[in-house]
Amino acid sequence: MIKNKINVIYSKYGPHTRVVDEKILGDISLLRDTFETDIDNAKQENRVLRIGIVGQIKRGKSSFLNSLLFDGKSVLPKAATPMTAALTKISYSEQPSATVEFYSKKEWAKVIEQAHKVEQDEKIYQEQLNEFQASKAPGLKRQRGIRPPQKPNHPEESKACFELYQMVQRSNLDVEKYLDKEEVIKSTGSNETLISDLTPFVGADGKFTPIVKSSSLALNLPELKDIEVVDTPGMNDPIISRGRRTQEFLGQCDVIFLLSYCGQFLDSQDMALLAQNIPNKGIEEIILIGSLFDSALLDEYSNYDSIQQALPSLTASLNAQAQSEVNAVCRQDELNNGGQPHLMQTLQNALPPIFVSSRCYDLAKKGDDLSEEEQHTLNRLNQMFDGFTFTPQILEAVANFKKVHFKLESVRENKDKIMAERLDNLLKGAERDLLQKLTAISDDITLKRNNLQQGDLAEAEKKQKELAERINAGKSKVSMVFDKYRVQIEKELHKAEQSIKQNSLSVKRINSQTGSREESYTTYSEVSDSSWYNPFSWGRTRTVSSINYRTVNYTYANVQDAVQKLEDFVVETSDRLYQSSSQTININQFREDIKQAVRGLFDFSDPDFDPEMILLPLSNSVDRITIPTISLDLDYHINSIRQQFSANEVEGDEIQQLRAEQARIVGILLTEITQEVSKCGSDMLGKISREEQDFLPTLIEDLESSIEQLRADLENKEQALKEYSDILEMVEEDKRQLSTANLHLPERAAM
């Protein structure tokens, strides 16, 4: 039984922690724990089909699920930020209820620890900034060469922890009362009542939201009768413990809907998500979804003459892009010695993606009952092509959810087959995972044994010193790679910033228009008020008024047009910055360039040079490199814009006032956007500088650790060589058993 095999392997290699990489042993231990849970879930009788909704944060997962299962109704609340998003399991029940899981005391202690570090760093920075500003005060002699303090750069998890900490501080919540506990919410009413009762726990401004790790909803919805849905908070979750819970839940899923943004389909973060979390979980059914199709359409429509041309052409272009990205990923996997061929084949089988727009689906279903944000999107869509207006039928066609519903129905129909194959798939996945771990042990032990067999510590130290000297001497070549990408970051962000400034010029312009309208006016005239029979009235007059009408021409400006220009500018700017930052660096190419730069320092044809001494440490060091992207949240700007204007039209002097107000707001936006770009750019450049500073020392440390291992082994060389040989024999025997094609077949009956 594979479960027993994992236990046996962990027990066999556990006593060899002196020489076997602890990380690999930790991975085997984790596999043992998660596999047992996954198998137990897969073996449950009469269980429902489990569907996972997976993707990076802010890829529209909750909106997609609302459209897929709830006919566009906002059943699932959206989190205020990625920091407050919680994993949600949704299932069927005649009586609606929910269970909320809070963080454990240990997990929350880690959150507070990181939050306090951020708080302390920010306090020190503020003190230094105050001192610097005070030194510039009039009358004080300014010392030359003093620079302003550098704003601290914090890891994403630390920033997330600090935000959760601040939310708790604002709410005055007694956190200790809830940690390590669950809250059960039972509703005697409808699904809507339950969701309302759940708002304090998962809503954007919920009192308990920052301490919620996951939630489970049981809703009275016929669509859920034979399925269970896992809505993940995003696999790039900044809260590590919450991300691990997401991985655990994924192991229990039978089908995965993977959402990736149309504009950057299957980028490096999407692929990292897949590679780290899905390949060995026994999940054979991956459905690729290109989300936010409406955003891609709004970005690209100017390249087409009509909507009839745009929809098929854009879809074909996105399909080609997706195929190209998958091919590139497969080629990269081959370069990495084909580490994940099964995942690559599963990806190829999942093509072509289904491109969808949850926003268009909502617009089609809601009719005139639209929010301001939804109305804004509809206005933008209707302005794309002259004379063309989106009807509910066309919006539903663009949304493309019929294909998704068809796919879901197909999954439902094949439920028994999918679930019957689940056990075998889990077994095969665990075998693949275990084989990879054993291969990693073999590579590591072989290198250590080779070093020991050569047996000359002085020679090994000499070689290690030569490698370190060669690496340090070639530091400039490695720095050139970092410099290249540093310049690339600055260039791309500068280009984006200039483009944004250029776009702002047209936003400032408010065109006045000439109109005409009918106006009434009153005229007055004197008429005789005398009567022939009354001599006293002779000569008396009275004033008579009459209402007349005339056509008046006037000049006016449309306030809503001005507001919409500003809103479009904010939305397009946010999209542009995200795209620019995410496309600035191809992380895989960046890593490959660094590898090539280091390899170029050595003569691999030299018979005295052992390439394994450098290649394994190099690969380990390069794989640690990560670069952040810009995610700019400008929603609050849109809200402030809407509050500036109330009337629909202005005339006369008010037109100039509107222009002045428009220019003022654009100026504020540009200032804040520039500050955000500068800060985010500094974060990216700071990260790449830290990677550069850490890379070579880390590489040299890895080389030195092998020498320390050799020094320890030489104290009892024969015993160490025997231990290495024994381990390699065990690895080969274990790999041989795992590679046997029929290994898992007899176990099926025993499970």
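Please read every residue number as a count from 1 along the shown chain.
Each Cβ is built from the backbone N, Cα and C atoms, and glycine gets one as well.
TrEMBL tags one of the stretches 142-169, 450-477, 506-533 as coiled coil, and that stretch is 450-477. Range with TrEMBL annotation coiled coil, chosen from 196-237, 364-405, 574-615, 700-741, is 700-741. Over the domain 'Dynamin N-terminal' (51-286), the average per-residue pLDDT in this prediction is 76.
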